[in-house]
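In what follows, a single structure is set out as structure tokens and then discussed.
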Amino acid sequence: MRVLGIETTCDETAAAVVSERLGGGGGDILSNEVLSQIAQHAAYGGVVPEIAARAHIDVLDRLIVRALANAKVELKDIDAIAAAAGPGLVGGVLVGLTAAKGLALASGKPFIAVNHLEAHALTARLIDPLDFPYLALLISGGHTQLVAVRGVGDYHRLGSTVDDAAGEAFDKVAKMMGLPYPGGPHIETLAQDGDPHRFEFPRPMLGREGADFSLSGLKTAVRQEIIRLGEPTEQDKKDLAASFQAAIVDVIVDRVRAGVRLFSETAGRPSGLVIGGGVGANGAIRRALTRLCAERGLRFVSPPANLCADNGAMIAWAGLERLKRGFTSDLGFAPRPRWPLDAIASETHHGKA
Ligand code: ATP
Ligand code: MG
Ligand code: FE
């Protein structure tokens, strides 16, 4: 079984072909083409929706051709065409969705609408034959949530951020320090040479009931410290980055702990913890979660950085998981700029995505 996946919800245009690995479970990535638009948005300090949509149109057709060629397959060898239908910027989603529907119509193959967050949550199973149910930590530029993944199409959100997403916090703090967008990787690099104990930043929600996150207070505390410092020196910036990152790691670890507890109350013991989303590339977060899982006797599945960030393989894989279960979509499926994961469950039970 082979699926072509298309991703255009934000600022990465991506197309990939993934196949099912028979026997051991998991899948094989036959091709995974990603073109980032970061350079086109950098001057604006964030993603500009109109520029994003046009940039997807400019490159998507060639990217699909390349994904098929590098996978050494033709459209006739593909079993279904999947595209992210949301959540995300409607203009971009429309580009990917329309391309996928066109290919499905022309080839007579099924079309599968994939929820972008579902794809982040299922990516772990592409690289590791992990069983349901498991706990997924989704941390990206637009989302921060803990999800009980009970099966394909069966998700229960245990907690989410009440204000900023983790990536947004990294990006905003980076911007305050004059670092380019997206700032997450720059903060991580600076933090490596900084003192994580120099500034005592707040750890919002620590120990709080439930599994929600709050990160805007932390960001504000960093802003106040920068104002107090006046002109931060290079060493100040390194210490700010390290202290900020240490605080966010503490918050994430505490919230994952709370998530594991909540999970046990609703869905039994999780088979493991997985991460997804661009912030999942952060080494300090990965190390802290590795420690936590070792402590708890939980398996920790952390996809490599390129599979944490937005990519086509995750959409293809989610499409493959759906196809295996007969969850294909109608060609009339409309873009869903907002599409919470919990909403999927009731639809999937009717056999339609
Ligand atoms: P969505 O929320 O819809 O998934 P997105 O496109 O913003 O959207 P991703 O592309 O998955 O999400 O992630 C991008 C985010 O990840 C940016 O905020 C970026 O700063 C952050 N990021 C990437 N690498 C790192 C890192 N090493 N440390 C911290 N943050 C990082
Ligand atoms: Mg992105
Ligand atoms: Fe994403």
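Including glycine, each Cβ sits where the backbone N, Cα and C put it.
Per TrEMBL, domain 'Gcp-like' is recorded for 29-317.
Marked as Fe cation binding site by TrEMBL: His116, His120, Asp310. Look at His116 (Fe cation binding site): DSSP puts it in a helix.
Taken from TrEMBL, the feature substrate binding site covers Leu138, Ile139, Ser140, Gly141, Gly142, Asp171, Gly184, Glu188, Asn282. Contacts of Gly142 (substrate binding site) defined by a Cβ separation under 8 A and a same-chain sequence distance of 6+ are given as Cys10, Pro87, Gly88, Ala165, Gly167, Glu168, in order along the sequence.
Sitting within 8 Å of the Cβ centre of His116, His120, Asp310, and not among those site residues for Fe cation, are the Cβ atoms of Glu7, Thr9, Cys10, Ala84, Leu117, Ala119, Ser140, Gly276, Gly277, Asn311, Met314, Ile315. The CA atom of His120 (Fe cation binding site) is located 7 Å away from the CA atom of Leu138 (substrate binding site). Within the group of binding-site residues (Ser140, Asp310), the Cβ with the highest number of other Cβ atoms inside 10 Å belongs to Asp310.
If you take every residue in the domain 'Gcp-like' (29-317) and average the pLDDT, you get 97. Annotation for Leu138 (substrate binding site): spatial neighbours Leu117, His120, Ala121, Thr144, Gln145, Leu146, Val147, Ile275, Gly276, Gly277, criterion Cβ-Cβ under 8 Å with sequence separation of six or more. For ligand 3, the neighbouring binding-site residues among Leu138, Ser140, Gly142, Gly184 are Ser140, by Cβ distance under 6 Å.
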